[in-house]
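S.K.: So that we are looking at the same thing, I have put the structure below in structure tokens.
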Amino acid sequence: MAGDSEEERDGFNHMTLRIPGLLYVSVKMENPNLTLSGDLLPHVSGSFPLGPSWDPSKALSMERESATVWELSFVVPPNHEALEFKFLLKPKCIDNPCFVEEGSSRVLVGGAWQDGDRMALFRLDNDQVLEYRVFVEAKRISPFDLAASWRAYQENFRLSSVRGIPDVSINSEHQTGSENISSANLELDLEHYIVPSPSTSPSSALAYAANSTENPRSLGGGSASISSSMGDDGVPMINQPETVGEVHAPDQSKVYQSPGMVKSQSVGTICPPEKEGSLRGVSIDRGVGFPRLVKSSSSDTFTTNFNLDPGTKNSIPAAAGAVAAAAIADQMLGPKEHRHLAIVMVSLPARGKTYTAAKLTRYLRWLGHNTKHFNVGKYRRLKHGSSQSADFFRADNPEGVVARNEVAKMAFEDMISWMQEGGQVGIFDATNSSKQRRNMLMKLAEGRCKIIFLETICNDVEIIERNIRFKIQQSPDYAEVPDFEAGLRDFKERVAYYEKVYETVEEGSYIKMIDMASGHGGQIQVNNISGYLPGRIVFFLVNTHLTPRPILLTRHGESRFNVRGRIGGDSALSEAGELYKKKLAKFVEKRLKSERAACIWTSTLQRTILTAGPIVGFPKIQWRALDEINAGVCDGMTYEEIKKNMPAEYESRCKDKLRYRYPRGESYLDVIQRLEPVIIELERQRAPVVVISHQAVLRALYAYFTDRPLQEIPDIEVPLHTIIEINLGVTGVEEKRYKLMD
Ligand SMILES: Nc1ncnc2c1ncn2[C@@H]1O[C@H](COP(=O)(O)OP(=O)(O)O)[C@@H](O)[C@H]1O
Ligand SMILES: O=P(O)(O)OC[C@H]1O[C@@](CO)(OP(=O)(O)O)[C@@H](O)[C@@H]1O
């Protein structure tokens with residue numbers, strides 16, 4: 001250290017005596033009057049080791065240390081005699097001239113400052129004078145210190161200096177670089193930027209989730225078949241076969257200890273996380289999303305051992321994503337009936353059964369579990385028509401009871417048949433509100449599948465009233481009833497008949513969601529729940545809620561690698577990307593202006609962090625889990641180069657882009673697996689979130705919200721400079737797209 005020869009002033013060390021040995025030098029400039037300096041950036045130009053020449057174009061830029069102080073540090077070798085340097089101000093626009101400080105050059109000899117001026121004076125074009133205070137600090141460092149700090153620099157400093165902001169940050173004013181906003185101005189009305197969403201996206205949250213559930217096999221439905229929608233004549237329309245389902249487990253070693261693993265033999269209560277009042281100061285463990293794992297067996301080894309060929313039907317789940325060794329072990333080693341799981345919904349009408357069943361189905365499918373939703377109401381409508389009045393649902397109407405039990409049995413048997421063909425999780429959606437009905441189901445399930453009851457209880461009369469009104473609007477039961485009030489009366493009568501005979505679940509394995517829609521947290525009770533998958537289901541349900549909020553998904557602004565067609569890497573933004581980041585900031589400002597809280601999530605790659613740069617007023621969080629698919633040895637190559645130099649790899653990826661894993665990199669399935677905590681966190685958040693990430697990652701996130709089959713994920717279109725707004729609402733998911741630039 002130089003402590004023995006320094007003179008302290010203004011908090012900086014001004015050297016007067018030479019320090020022998022290797023030196024660490026820090027020079028700083030301070031300009032308290034920021035408004036004068038405009039967009040002039042301080043630089044240093046000098047002799048070795050500051051630069052090979054005095055050429056201003058090779059001057060080193062200083063880093064902004066605080067709002068008014070700029071800093072540059074460097075190492076001077078031990079045998080170096082004199083170091084000469086000068087400060088420069090360079091305009092951001094490279095075409096404009098730069099300004100060199102007045103007076104002779106500054107000289108440092110062995111770290112001692114040869115009495116240079118303590119002010120740097122710049123005379124600008126218009127004879128305006130800018131003054132900066134100058135500080136120099138020199139410390140002797142040992143080669144060991146240097147080696148250690150070099151390592152630290154390699155590991156940390158370079159990253160944070162490139163990125164310029166810490167993992168969790170918030171900027172309350174526009175950063176340098178976000179000026180010159182005029183070209184980034186947006187129309188007053190954001191609707192101006194709306195472009196059509198792809199036809200496969202969820203058309204409207206008002207579409208009733210039961211419509212897209214399974215059809216009776218007796219009607220030619222089966223495991224993959226007829227449509228969710230009804231034709232004008234009431235006859236189901238034939239649609240595409242369902243493609244979701246069987247895929248390889250990506251890597252059985254890739255299991256991380258998840259909070260989803262719950263074992264409970266007796267009744268326990270879990271309270272969901274508190275509602276977030278404000279997101280400011282939020283801190284997130286960046287490790288989340290990076291499973292602690294050992295890369296070992298490939299999916300090939302796994303599938304050979306356990307005969308999990310995606311093309312063959314078998315009784316073992318063909319799983320992906322977070323479904324890994326634990327899930328498979330449960331399936332392989334547990335009792336035979338445990339290889340298939342039936343989630344049997346229980347509740348009075350209008351308590352969110354179909355909504356919850358549809359959401360859980362979407363989540364499990366996205367993780368790679370072969371899951372289907374069987375809605376008994378749909379079976380009833382197809383068998384008995386959709387114009388049954390409340391009387392049909394009276395417990396003392398024997399014909400109604402027989403008819404309802406018959407369709408319930410039919411749907412349950414269909415579900416079991418599908419499981420025997422390889423299906424893994426069946427979600428059985430009916431009121432199942434009496435012990436007698438549940439006993440019937442348990443008998444049907446004996447030795448064939450494990451049952452977990454999922455009961456939704458709601459004590460909030462206002463929510464029940466709102467739900468009932470939704471049902472009249474959405475349910476095909478009332479599609480033919482022109483008078484809304486008459487429909488309302490009939491449905492309330494139906495609910496009252498159910499209430500008379502309703503028995504809460506007290507038997508078997510169950511999960512009870514109590515008042516989870518109230519917005520005050522509610523609670524979840526679990527009884528006799530164990531195993532990987534039930535644990536995941538409980539964890540998912542604890543974190544979901546009904547608070548409406550938008551999630552804005554966007555890729556980073558165009559990167560320099562994008563321009564050159566190179567994949568991966570960590571390049572900065574192109575000119576178009578720079579413009580997009582400014583437009584995006586304006587968009588976010590307008591779109592979220594009425595929100596009390598919101599959060600900006602980026603990956604740890606600089607193209608997303610730079611894109612988030614000009615957004616002000618909201619906390620920004622970097623997630624490693626949001627980093628782009630790791631292209632391994634192909635990182636930085638163009639697709640053409642991969643095709644030419646690694647034709648076999650290129651070919652394999654074309655054949656199966658979902659499962660293909662780049663050598664030393666990742667597959668899409670790997671990406672989905674690491675995104676699972678991101679999905680849980682997105683479900684848990686109550687405020688809007690802006691996710692600035694990458695093509696492959698956003699494909700996977702988008703597929704979750706829009707219930708797209710895994711196989712389609714690698715080809716989903718996620719264009720640059722476009723914002724995909726996902727609105728999570730009380731009735732489901734709706735999508736809007738804004739295109740800010742061509
Ligand atoms: N856990 C819940 N408790 C109460 N209401 C809920 C819950 N989950 C969802 N909802 C709301 O209930 C409304 C009606 O739900 P739906 O699933 O059609 O009811 P059900 O199938 O029980 O008749 C949904 O639009 C949703 O807003
Ligand atoms: O899976 P494919 O279709 O190759 O798309 C993923 C690729 O998208 C890219 C662009 O080509 O994303 P990004 O824009 O985030 O850089 C590559 O980095 C990444 O490898």
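Please read every residue number as a count from 1 along the shown chain.
In case you wondered, yes, glycine gets a Cβ from its N, Cα and C as well.
TrEMBL entries are annotated by machine, without manual review.
The structure displayed is predicted, hence computed values, not measured ones.
According to TrEMBL, the protein carries these features:
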BINDING   ARG555, HIS556, GLY557, GLU558, SER559, ARG560, PHE561, ASN562, ARG607  substrate binding site
COMPBIAS  224-233  compositional bias 'Low complexity'
DOMAIN    17-124  domain 'CBM20'
REGION    205-233  region 'Disordered'
S.K.: Restricting to the chain of SER559 (substrate binding site) and a gap of 6 or more, list residues whose Cβ falls under 8 Å of its Cβ, or answer none.
M.R.: GLY569, SER571, ALA572, LEU573, SER574, GLY577, ARG607
S.K.: In terms of DSSP three-state secondary structure, what is the assignment for ARG555 (substrate binding site)?
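M.R.: DSSP assigns ARG555 (substrate binding site) to strand.
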S.K.: Just how many other Cβ atoms lie inside 10 Å of the Cβ on PHE561 (substrate binding site)?
M.R.: 19
S.K.: For GLY557 (substrate binding site), what residues in its own chain, 6 or more apart in sequence, show a Cβ-Cβ distance under 8 Å?
M.R.: LEU573, SER574, ALA576, GLY577, GLU578, LEU579, TYR580, LYS581, LEU584, ARG607, LEU610, THR611, LEU720, HIS721
S.K.: Within 10 Å of the Cβ of ARG555 (substrate binding site), how many other Cβ atoms are there?
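M.R.: Taking every protein chain into account, the count is 27.
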S.K.: Give the maximum pairwise CA distance in Å, whole number, for the residues ARG555, HIS556, GLY557, GLU558, SER559, ARG560, PHE561, ASN562, ARG607 listed as binding substrate.
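M.R.: This binding site's residues have a maximal Cα-Cα distance of 14 Å.
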S.K.: So around the substrate site, ARG555, HIS556, GLY557, GLU558, SER559, ARG560, PHE561, ASN562, ARG607 aside, which residues have their CB within 8 A of the centroid of those CB atoms?
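M.R.: Output for this site, in sequence order: VAL563, SER571, LEU573, SER574, GLY577, THR611, LEU720.
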S.K.: Is ARG607 (substrate binding site) helix, strand or coil when read with DSSP?
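M.R.: In three-state terms, ARG607 (substrate binding site) counts as helix.
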S.K.: Near ARG607 (substrate binding site), how many other Cβ atoms are within 10 Å of its Cβ?
M.R.: 28
